[in-house]
Amino acid sequence: MSDAGTEEFDEEQGSLGEYEGDRNEAGERHGQGKAVLPRGDTYQGAYENGKRCGQGTYKFKNGARYTGEWYMNLKHGQGVLYYPDGSKYEGSWVDDQRQGHGVYTYPNGDTYDGEWLHHQRHGQGTYTHQETGSQYRGTWVVGNMESTGELIQLNHRYHGNFVNNNPSGPGKYVFDIGCEQHGEYFQLEPDKGEAEEDETLISTTLKWKPKAVTGLSV
């Protein structure tokens with residue numbers, strides 16, 4: 001569920017390169033134009049007073065491509081960024097960062113549809129695993145599943161609290177056969193495994209303690 005492969009790519013800011021297009025009275029790039037930058041990146045779209053501003057497409061030499069809105073040379077507004085690893089982000093940008101609502105499609109086909117802040121999953125969102133169809137719907141904090149959420153699996157779903165991507169505390173399993181199992185997740189004492197010198201290997205184990213089975217709540 002990591003954002004591996006989502007590193008942003010620096011657009012060339014200081015080097016003007018070659019330009020063909022409209023200019024204003026001051027000689028600045030203004031209107032529609034195309035630029036070929038020294039290291040091989042290209043931009044085609046709108047300029048305002050020498051800055052990328054409005055709709056445009058920026059193609060990176062490494063194969064990444066952004067098509068969407070710009071403001072003061074930064075990705076800002078609605079746009080799509082295609083990454084070299086095959087992943088894609090489509091949604092809102094603020095000051096060159098994924099922020100607001102957007103959909104990220106990962107190289108393995110997994111998707112995250114929800115809120116972002118400073119490039120990270122943050123707020124309400126749904127992560128869907130392409131291979132199994134399982135989903136997490138709920139709250140995210142700085143990229144992790146936190147607070148109230150629902151983990152949906154084949155034939156059942158779990159609703160409860162999450163801490164650092166794991167269920168924690170009271171919750172319930174809801175089964176398609178028409179019943180609910182209420183209980184609590186707690187963390188067992190960590191086991192210290194073998195380690196070299198002063199390193200310590202700690203494995204975290206979660207245990208579900210069932211308390212009651214009821215019919216489906218309305």
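For all residues, glycine too, the Cβ spot is worked out from N, Cα and C.
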Listed range which Swiss-Prot flags as region 'Disordered', given the options 1-48, 97-144: 1-48
DSSP-derived helix, strand and coil totals, residue by residue, for the repeat 'MORN 4' (89-111): 0 helix, 16 strand, 7 coil
